[in-house]
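Taken verbatim from TrEMBL:
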type	residues	note
TRANSMEM	279-303	transmembrane segment
TRANSMEM	345-371	transmembrane segment
TRANSMEM	377-397	transmembrane segment
TRANSMEM	418-438	transmembrane segment
TRANSMEM	444-467	transmembrane segment
TRANSMEM	501-528	transmembrane segment
TRANSMEM	534-561	transmembrane segment
TRANSMEM	573-592	transmembrane segment
TRANSMEM	604-633	transmembrane segment
Amino acid sequence: MAGELLARNLCLWIPVCFLLLVNVHFGTCFYLPGVAPEDFHKGDLLRVKVNKLSSTKTQLPYSYYSLPYCHPDHIVDSAENLGEVLRGDRIENSPYVFKMREPQMCNVVCRLTLDEKSAKEFKEKIDDEYRVNMILDNLPLVVPLRRPDHESSLVYLHGFLVGLKGQYAGNKEEKHFIHNHLTFIVKYHRDPVTETSRIVGFEVKPFSVKHEYEGEWDNNTRLTTCDPHAKMLVSGSEPPQEVEDKKEIIFTYDVEFQESNLKWASRWDSYLLMADDQIHWFSIINSLMIVLFLSGMVAMIMLRTLYRDISKYNQLETQEEAQEESGWKLVHGDVFRCPSNSDLLCVYVGTGVQFFGMILVTMIFAALGFLSPSNRGGLMTAMLLLWVLMGLCGGYSSVRLYKMFKGTEWKKIAIRTAFMFPAIAFSIFFVLNALIWGQKSSGAVPFGTMFALVFLWFGISVPLVFLGGHFGYKMPLAEDPVKTNKIARQIPEQPWYMNPIFSVLIGGILPFGAVFIELFFILTSIWLHQFYYIFGFLFIVFLILIVTCAEITIVLCYFQLCSEDYCWWWRSYLTSGSSALYLFLYAAFYFFTKLEITKPVSGVLYFGYMLLLSYGFFVVTGTIGFYSCFWFVKLIYSSVKID
């Protein structure tokens, strides 16, 4: 009895344990989002870290020092979590060192002379519009730009461009110019009592300046284009620095400190402000209202229709009336008949439960603020760990359904549940990673991280799936409300609109309609490198997706049973699962209309990852539809009297 009680509550323990782990991790923090604040006194060192070079045109990140930028004496890699490595982040120290509240002017970082190879590398990154990402006190570097439609509001672009392409006046030949002078603006909030300061903003204004000096270059050489002694600042009117072989480039920077009323707890608000916030809010509310209205209509129709049908069937008294009955009651002897390929259905249902648990718990923690963008890589790390832990629920669900189909080899189902989806995902991921590796990108997952992923799969996920399968097989099953006939009933010819392919494709439209607006913002976040932090709305949309998948599947299942077609098992899964097809088609539409990807490798990466995303969406929505229809069928056949 104790084992049965434990089995019923196993899946509920996982989110609780994960919450405890997160609380332990953040136990020393006063604020939930991000890390604890750090106080700086005047003159304290501020060390800028460099992150990857990123581009929305190639989607291939590179480490900062893959270009011949100025580097410190010893390059030190910062410790990165699993999510950061998978995202391609490579955080390292830099030669940019500030002192708190002590402005600096025209600091020379280094001087270098380009050769043919380095000039070509800079030109390629400029052509592909690569941006340089830096970090100070866990805040990413941003470039503030004024919105053309609202002069009073700002838009923050993450990182600054490596350089620009342009032409000299009177010359049609296009040249490449590098941003070699950076004006950093560090915003801080000062505590009047302790006189300590907290960093609340990190901005930059990049310039391309052809620095000049007199005489031979040495460590004491003073520039004529920017001189702190003469209070001469870079204004942007100087001739730009061209990128060519044998060209000399001098990298410099200024540091300004600006006091701000913005408190440390709210410093991420400006980063997370979306440029099209009004459209976003209006679209979300509009989508919610439409879907809620349709869901209410569907629920009302179903309740009225079912109430009438059940009342009519329960009032049948004579054998002649029973013989004249038609509709869903006629197939009561076949409705719980084991479907074809039942083993595969069990595996897909178990995988869907695993995915559903991962998404639900992740969204709850994200909505509570544990997985904010300030915790880089936290979202991806949490999803991976939850996927592994939810293997317990996946194994339990798949084996329990297999037992209902009178199966006896539950270990075979557990193995297939543990290996089918991860094997497909890992195979696609391995091929894509090989392509990234071939491009020498920092986005390629290192061997050590690959080994960690394999360990999570074989060392934790697989045993948990087997443990869940063991409990699922030991649990007693409730009897079906009706008995299954030994001889299968012949299915009459169906009307054209009840054709399986047609009804399945129709069924996926409404679930996709519930999420496609939010999907636009998610794709923009992923592929255009913007922050996404509307997890509260995303959670509401996810709940509406659940309701929509359930109701559209129940409606079409009801029509199918009324047509005396009892093969509902697979169709209930595919009806709501077909929304994944529309998701993939929308991803293709987004690729050709919103992105500027030109490299074939980048296109393969995009469609490879979107295929994985669509596959995951398929198993989640399919499982929601299946369990909804399963509950509905058991409910209606237990509500009528079967002679």
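Going from the start of the chain as shown, residues are counted 1 onward.
Note: Cβ is positioned from N, Cα and C throughout, glycine not excepted.
In this chain, the transmembrane segment (444-467) lies out of contact with the transmembrane segment (604-633); the count of Cβ pairs under 8 Å, excluding pairs fewer than 6 apart in sequence, is fewer than 3. The stretches the transmembrane segment (345-371) and the transmembrane segment (501-528) are not in mutual contact, being linked by fewer than three Cβ pairs under 8 Å (pairs 6 or more apart in sequence). Packing against the transmembrane segment (501-528) from elsewhere in the chain are residues 56, 59, 274, 280, 283-284, 286-287, 290-291, 294, 534, 537-538, 541, 544-545, 548-549, 552-553, 556, 559-560, 571, 574-583, 586-587, 590, 594-595, 606, 621, 625: each is 6 or more residues past its ends and has a CB under 8 Å from a CB in it. Sequence-distant contacts of the transmembrane segment (418-438) (same chain, at least 6 residues past either end, Cβ-Cβ under 8 Å): 60, 347, 351, 391, 395, 444-445, 450, 453, 457, 461-462, 465-466, 601, 604-605, 608-609, 611-612, 615, 619. Sequence-distant neighbours of the transmembrane segment (444-467) (same chain, 6+ residues past either end, Cβ-Cβ under 8 Å): 82, 85-86, 350, 384-385, 387-389, 391-392, 394-395, 411, 414, 417-419, 422, 426, 433, 436-437.
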